[in-house]
Amino acid sequence: MGDVEKGKKIFVQKCAQCHTVEKTGKHKTGPNLWGLFGRKTGQAPGFSYTDANKSKGIVWGEDTLFEYLENPKKYIPGTKMIFAGIKKKNERADLIAYLKKSTSE
């Protein structure tokens, strides 16, 4: 499991421009991530997803996020997410640790 504090810094630097994590957070360019873990792709209420995201059909968890965050466009071809990905495994683990905590508390 990664480091939550390091993950928060990564989120602020690389994700917060397009995503929020708070329960009452608004959608931005990307969806609000509250309740992410255990939810299927393309299912955040009120966000307009591509058909690729809606039909991927996987459930978000540590393993699926770890793979997705390395190269989002390879994992879900046709996604609107224009982020290139995080290549360093430890950075992905830190970000996932932060997301797990921040999207459920």
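Just so it is clear, glycine is given a Cβ too, placed from its N, Cα and C backbone atoms.
Values in this document were obtained by computation on a predicted structure and should not be read as measured data.
Under the heading N-acetylglycine, Swiss-Prot lists GLY2, citing similarity to another entry as support. Here Swiss-Prot flags CYS15, CYS18, HIS19, MET81 as heme c binding site.
A map of Swiss-Prot features onto the structure.
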residue	record	contacts (Cβ under 8 Å, 6+ apart)
GLY2	N-acetylglycine	ASN90, ARG92, ALA93, ASP94, LEU95, ILE96, ALA97, TYR98
CYS15	heme c binding site	PHE83, LEU95
CYS18	heme c binding site	LYS28, THR29, GLY30, MET81, PHE83
HIS19	heme c binding site	PHE11, LYS28, GLY30, PRO31, ASN32, LEU33
Cβ within 8 Å of the heme c site's Cβ centroid: which residues qualify beyond CYS15, CYS18, HIS19, MET81? LYS14, ALA16, GLN17, LYS28, THR29, GLY30, PHE83
Can you tell me how many other Cβ atoms are located within 10 Å of the Cβ belonging to MET81 (heme c binding site)? 19
